[in-house]
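The block underneath contains the structure these notes are about, expressed in structure tokens.
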Amino acid sequence: MKEKMSVKTIVAIGIGSAVFVILGRFVVIPTGIPNTNLETSYPFLALMSVVFGPVAGGLIGLIGHTLKDFTTYGSAWWSWIICSGIIGIIFGFAGRKMDLQHGEFTTNDMVRFNIFQAFGNIVVWGLIAPSLDILIYSEPASKVFTQGVFATVSNIVAVGIIGTLLMKAYASTRTKKGSLSKD
């Protein structure tokens, strides 16, 4: 039997997509490399993906990036939109064994998540995004791989620092499993 998405997850996808757009539009640091910024939306995507799972993470990445592109540029850059969905899915799977909802975010969780997110960012932004740019848009390889390398490094650092801090902060607001006792 198929599991249906909860109302909570659907609402999280909508709100998460909106926040992704806002962060992607207004909380970025320009790099000097064309159409490539230091993004704060991916650390947020990491948090949402870990909390709500890979399907929600993928949809937040897809919807959020699509809306961001249309509101910023007037058109969508589908190769990178697809990659935002893929990285959201990867973040969600990377967080499967973590229990942020019950206040658990151990050093082991941090290390394991950051190894997975670094590997995911390398594959997605360093290989898939540039390859799709070449296949879909016939972009010059040197340009798109330069963008890909910078996006890879900046996303690894941003998710590693800001994403980890967001997850730690979120976990610290949750009640730890077994911490409450009946009087």
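Cβ from N, Cα, C; glycine included.
As recorded in Swiss-Prot, the features of this protein are as follows:
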{"type": "TRANSMEM", "residues": "10-30", "note": "transmembrane segment"}
{"type": "TRANSMEM", "residues": "44-64", "note": "transmembrane segment"}
{"type": "TRANSMEM", "residues": "74-94", "note": "transmembrane segment"}
{"type": "TRANSMEM", "residues": "115-135", "note": "transmembrane segment"}
{"type": "TRANSMEM", "residues": "147-167", "note": "transmembrane segment"}
Highest-contact recorded stretch vs the transmembrane segment (115-135), from 44-64, 74-94, 147-167, CB pairs under 8 Å: 74-94
Beyond the flanks of the transmembrane segment (44-64) by 6 or more, those residues with Cβ under 8 Å of it: 5, 8-9, 12-13, 16-21, 23-24, 81-82, 84-96, 98, 100-101, 113, 117, 159, 163, 166-167, 170
